[in-house]
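Each remark here refers to the structure printed beneath this line.
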Amino acid sequence: MTRRALLRRMGSAGLVVPLAACNEAGWYGENVSGLLPDLSFTMTRAQNGTNVTQADYEGQVVALFFGFTFCPDICPMTLSNLSAVVDQLGEDAAKLSILFVTVDPERDTPEVMTKYAAAFTPCVDGLIGTPNQLARLARRLKVTYKIEPHQPDDLTYDVSHGKSVYVFDAQGDARVIWPGFDTLQADIAGATGDIRRVMSA
């Protein structure tokens, strides 16, 4: 799904989105080097059902965020913006992995996650964790999420979650956070610059 298509959809819904702001010191996002733990997790990759850890992404710059496929706005806009970054990177996109961690494994089956991710860019790996695996990674990165109480047969429940994108370097060290990359005005060039800067470090 393209940013242009999302712009039309969200604009027709009357959504008002605040302008993104650049950070100081040459970063588009917030420089968190040395302030957050390194990348560490064990989950299942939706696309092929294999268990993966941070070691499977060693040598890659990783952009990670938490969400769910039934999300009406934050997640599709974030993925669309990340897809635009991939396009801007050109051949360097091969050095980037985007990890989409579901906070709603009840509805986000491997099949659902795979189809959803493929609608944006091949660079996205959908990750599904057990409750303990998900909670551990969320605590590690200080991410909050909440599934609204619902009946077992109710699939219309809502989920709230943090919307930041976490960028890790090829050694798995946290380097930068994009606190709000879910806006129509997100600075794609600025975010691409962050990724290139992390790649060259």
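Positions of Cβ are set from backbone N, Cα and C atoms, glycine also.
Heads up, TrEMBL stuff is auto-annotated, nobody curated it.
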Inset, instruction - Select one of H150, H161: the residue that TrEMBL places in the Cu cation site alongside C71, C75. - result: H161
Legend entry - Cβ-centroid neighbours of Cu cation site C71, C75, H161, 8 Å, sequence order: F66, G67, F68, F70, I74, T78, V103, V159, K163
Legend entry - Spatial neighbours of H161 (Cu cation binding site) that are distant in sequence (at least 6 apart) but have CB under 8 A: F66, G67, F68, C71, I74, V103, V143, T144, Y145, K146
